[in-house]
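A.B. asks: Following this message is one structure expressed as structure tokens.
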């Protein structure tokens, strides 16, 4: 265990280390992180989707999707209780066997990988607009007209 160091006033400079078995976050903090990871960048596109669908129909669709999501979570919890499992992976394995577990593992890898690509595309699309508006025209992104698959940075 690390030795505590105090300054001249007696204030502890290095707090004692936590024991490995202690929880590091509260249930509220863990829930907030979980909800934040679910919402992701989808919240950015919500105003556009509501604009395209129209406010009344968009709110109706949002409510219907919310109710379907709530029902599916209830089914997952009931399925976990019936099978005696406490994780999504073990629920899938007890329901669909090892092949189902392998498919789930592949999908759980692909989903964040594709989301990462989506975030990079969104960030790249946004940053080009930001860079184009920098005073003095420091950086411009020029798209080649002959080969649209390549993006060539051009410093002006």
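Placed from the backbone N, Cα and C atoms, the Cβ positions cover glycine too.
Where the annotation comes from TrEMBL, it is an automatic prediction and has not been curated.
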A.B. asks: Identify the transmembrane segment range according to TrEMBL, selecting from 97-119, 120-142.
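C.D. replies: The range carrying the transmembrane segment annotation in TrEMBL is 97-119.
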A.B. asks: Determine which residues of the chain contact the transmembrane segment (57-77) at the Cβ level, with the cut-off under 8 Å and only residues 6 or more beyond its ends counted.
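C.D. replies: Hits for the transmembrane segment (57-77): 46, 49-51, 88, 91.
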